[in-house]
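Novice: Have a look at this one before I ask anything.
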Amino acid sequence: MKYLVLALCTYLCSQTGADENAAQGIPLEAQRLTGEPLVAYLRRSQNLFEVNSAPTPNFEQKIMDIKYKHQKLNLMVKEDPDPEVDIPPSYDPRDVWKNCTTFYIRDQANCGSCWAVSTAAAISDRICIASKAEKQVNISATDIMTCCRPQCGDGCEGGWPIEAWKYFIYDGVVSGGEYLTKDVCRPYPIHPCGHHGNDTYYGECRGTAPTPPCKRKCRPGVRKMYRIDKRYGKDAYIVKQSVKAIQSEILRNGPVVASFAVYEDFRHYKSGIYKHTAGELRGYHAVKMIGWGNENNTDFWLIANSWHNDWGEKGYFRIIRGTNDCGIEGTIAAGIVDTESL
């Protein structure tokens, strides 16, 4: 494996949201739109994605502060793991690894824990893939979110996915699951917000949830020992900013974690292929990138969000591929599972 060591204090460009909007050719008046004027503009200015009139509930609580765009440590950037690999025109690991039960949509609720939730989900998928579906475990986002502080970030306020991957190497992470999941060490502690079809209603959410405390023990009533329940990684890295390198990484090892700038128009995404079109910068978000495809001659990435399975395309969304839209291809975090720890 080849690596490039980039001695950078900040890996991503430090432009303001307005500068980035201008760089993408978005008119100044379109950058300032919100509400109904924004919805009307999106519907007449593009045809790649359908627009929701109503914005995503608890939107501000689901994304991170823009400061988490900037990496604080030196990064190991991995070259294309297999430059000679044949890349298929489309790829969805759910069709390949049908026995992997880890491919489902999470719900981070009113907590900016996307960095931990997406990393835990990607690790879970990679464990299943590395073991050829023999090992099925949902890695605990809670363990990462609450115990990897301050090096990973600040829990529900946000964090850095690459640091979560490093934590997986050096500290290990226990089993987890969604809210109230039984027979796991540390399930997600924050209930889903509001109504979600026929799912259990736990109540509404107000503001950003406080970060729960770090508890280095399994929940009461679970016959697991915290230290023994841990799984470990053996490598963590940023994937080279190249469509083929990202595709090769996903083909070889499984889903990765992508981070991107979130603008006002993403608040109104319903379905289709998202491309930033209008609205101001609102924050930053981390998601699990699982595959890619093409629709009507438009290349896209296939991405699992963590805003419940009634958001977007059954919890997923697609974003235009090959243009680094919103920085989606700029900081792809990944890691290798230590199969001996499974």
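Note: Cβ is positioned from N, Cα and C throughout, glycine not excepted.
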Novice: Taking CYS193 as one end of a disulfide recorded in Swiss-Prot, give the other end from among CYS205, CYS214.
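Specialist: Answer per the record: CYS205.
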Novice: Consult Swiss-Prot and report which candidate among CYS156, CYS185 shares a disulfide bond with CYS218.
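Specialist: It is CYS185, per the disulfide annotation in Swiss-Prot.
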Novice: Determine, to the nearest whole angstrom, how far the Cα atom of CYS156 (disulfide bond) is from the Cα atom of CYS114 (active site).
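Specialist: Between the Cα atoms of CYS156 (disulfide bond) and CYS114 (active site), the distance comes to 8 Å.
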Novice: What residues, ordered by sequence, lie under 8 A Cβ-to-Cβ from ASN305 (active site) and sit at least six positions away in the same chain?
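Specialist: Residues satisfying the criterion: ILE105, VAL287, TRP311, GLY312, GLY315, TYR316, PHE317.
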Novice: Please report the number of other Cβ atoms within 10 Å of the Cβ of ASN198 (N-linked glycosylation site).
Specialist: 6
Novice: Between CYS147, CYS152, CYS214, CYS218, which of the disulfide-bonded residues has its C-beta surrounded by the fewest other C-beta atoms within 10 Å?
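Specialist: CYS214, out of the disulfide-bonded residues CYS147, CYS152, CYS214, CYS218, has the fewest neighbouring Cβ atoms within 10 Å.
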Novice: Which state, by DSSP, holds CYS156 (disulfide bond): helix, strand or coil?
Specialist: helix
